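**Student:** Here it is, the structure in full.
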Amino acid sequence: MSRKKIYSKWFAAPALIFFSLFFILPNLFGLVFAFTDWSIFYVGFDQVNFIGLDNFKQLFSERLLLKAAGNTFYFAIVTVVFKNVIGLALALLVNRPFKTKNYLRSVFFLPSILSTMVVAIVFSAIYNPQSGILNGFLNNVGLGFLAQEWLTNPKIAMTSICAMEIWQGTGLTMLIYLAGLQTVPKEYYESADLDGTTGFQKFRYITVPLILPTFTVNITLTLINGLKVFGQVYALTSGGPADATQVFQTFVYKYFSQGLLGYSSAAGLVFTVVIMVVSLTLTSVMRKKEVSY
Amino acid sequence: MSPKKRFQKLLLEIGAVVLSLIYIIPAWMVLVNSFKEKKEANKFDLGLPKEFHFENYLRVFQEGNIMRSLFNGLLIATVGVVAVILISSLAAFYIARAKNRMANGFYMYFISGMLIPVAMIPTYIILLLLKLNNTYIGLIFMFITYCIPVSIFLYTGFMKSIPEEIDEAAIMDGCRGPQLFFRVIFPLLKSVTVTVFVINFMGIWNDVNTQLFFASGDKWTMPMTVYRFYGIYLSDWNLVFADVVVTVLPVFIVYMFAQNQMVEGMTAGAVKG
């Protein structure tokens with residue numbers, strides 16, 4: 001009995017069909033649709049015209065695209081930095097033999113299982129400038145001057161959305177760091193203790209080099225996640241006030257809901273290319289830095 | 001441990017518990033206010049309600065069309081996840097065992113889905129052409145598709161850790177193809193299957209994007225009703241919060257039951273990278 005016959009490629013057929021038809025094909029079609037003036041209001045295919053680069057010319061002349069790109073990167077960078085710094089700190093914290101270790105892990109992780117939509121609605125209550133608990137807390141501890149119109153002030157609305165995402169997503173980052181920390185053999189720390197190494201030295205020279213692959217995973221995951229931001233913005237501000245919080249995907253959705261299929265395809269294509277370039281660059285840079293043990 | 005060190009440790013632990021309040025307080029706010037009367041709830045006060053208004057939940061069920069959305073969510077998530085488990089584990093079986101160039105090629109092809117974003121608008125057009133837009137089947141197909149990459153990733157990683165001697169022994173006993181998979185291998189995948197189930201069930205249950213693009217109100221699941229509720233009952237936070245509780249509860253229960261296995265599986269995949 002040959003290997004080929006036992007492990008038949010037909011086992012992969014159902015997955016191939018779904019994935020090709022509903023994921024790869026749309027991405028390829030996107031390459032075509034982006035060059036058409038397809039609109040939802042066209043009745044037949046004969047009305048669809050190829051218009052060359054017109055969609056892209058119009059896209060890149062829109063200031064809103066620049067704004068959306070800027071906001072998307074701002075969101076991605078801020079959330080990557082904070083989720084990873086706080087996530088790692090929390091992982092180091094709950095990796096200690098605390099009595100409340102399991103409680104702490106569960107609580108920090110819990111928001112990761114919630115829908116962005118739900119979290120966003122709850123945060124719109126927390127951020128409420130009159131009665132929300134955030135301003136209420138600031139007023140109570142004498143920091144009332146920090147109280148803000150968190151979502152309607154165009155200068156800070158984007159940062160407020162970032163803060164919500166950090167609140168929700170740090171637990172997952174923590175958990176992945178925690179798993180990474182647990183792969184470091186205990187003997188390494190024990191022999192370092194014999195040499196009289198300080199806690200920080202142990203972290204810098206043992207922990208960090210050995211969990212570099214975990215850094216790669218976490219930074220890649222959080223970055224891709226950040227660039228794909230959509231529900232958070234859609235539910236909290238819908239891109240407002242006055243387009244101050246538009247991101248790539250809300251930008252695409254805006255034109256999609258106006259029925260401009262060709263134009264929004266073009267916008268989606270730009271988005272896909274940006275994500276691919278950023279994440280492939282990042283992965284190849286980070287993989288080079290890893291060490292094996 | 002010296003007394004000084006023990007004190008430091010205690011201080012650190014107290015700090016950590018205080019920090020956890022950042023997560024507990026919003027949850028508490030939602031829960032207590034969901035039982036309050038409208039005016040009281042709109043103050044977002046953290047105190048217990050003067051009177052417990054359980055009828056808030058009744059109103060959510062009656063006015064929010066919640067039963068429909070609960071049904072939608074359960075139907076779409078359950079059918080989607082069961083299908084994904086079958087489809088992905090079979091594909092991963094081939095990829096992990098055949099170990100030839102085609103298998104590697106398939107693996108890269110599927111894994112690309114974890115990187116490349118969904119082309120929303122062309123997908124919408126394809127659904128439109130297949131007359132599947134805003135249907136249960138269409139939505140389920142979408143979710144199956146979007147769950148395939150991570151599921152194949154997890155299954156393949158796990159299956160490589162199952163010794164091939166098991167296959168060989170079964171083949172000696174006359175087990176072939178599908179029988180080998182379903183009788184011998186699949187039962188050994190139990191722990192990763194639980195992980196795949198939980199991750200994908202939560203992913204579908206919590207989804208926002210797919211529904212906003214591909215479905216209208218009558219196919220929406222629970223999180224979307226919270227959004228709709230929020231739009232309609234902007235000044236009735238007691239009802240909005242009650243809807244939030246109803247939406248969160250099922251995922252919370254799933255998480256409670258499968259917590260360890262889920263955490264294990266998620267992080268195992270991530271750390272091996």
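Any Cβ shown, glycine's included, is placed from N, Cα and C.
Where the annotation comes from TrEMBL, it is an automatic prediction and has not been curated.
Dumping what TrEMBL says about this protein:
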DOMAIN    A:69-282  domain 'ABC transmembrane type-1'
TRANSMEM  A:12-35  transmembrane segment
TRANSMEM  A:73-94  transmembrane segment
TRANSMEM  A:106-127  transmembrane segment
TRANSMEM  A:166-184  transmembrane segment
TRANSMEM  A:205-224  transmembrane segment
TRANSMEM  A:260-282  transmembrane segment
**Student:** Which residues of the chain, 6 or more past the ends of the transmembrane segment (A:73-94), have a CB below 8 A from one of its CBs?
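**Tutor:** Residues packing against the transmembrane segment (A:73-94) from afar: 101, 104-105, 108, 158-159, 161-162, 165-166, 169-178, 180-181, 203, 215, 218-219, 222-223, 225-227, 229, 247.
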**Student:** Excluding the flanking five residues on each side, which residues at least 6 beyond the ends of the transmembrane segment (A:205-224) place their CB within less than 8 Å of a CB in that stretch?
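**Tutor:** Distant contacts of the transmembrane segment (A:205-224): 76, 79-80, 83-84, 87, 169, 173, 176-177, 179-181, 183-184, 188-189, 192, 197, 275, 278-279, 282-283, 286-287, 289-291, 293.
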**Student:** Please indicate, using numbers and ranges, the residues of the same chain that are 6 or more beyond the transmembrane segment (A:166-184) and have a C-beta under 8 Å from a C-beta there.
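**Tutor:** Residues 78-79, 82-84, 86-88, 90-92, 94-95, 105, 108-112, 114, 116, 119, 123, 206-207, 210-211, 213-214, 217-218, 221-222, 225.
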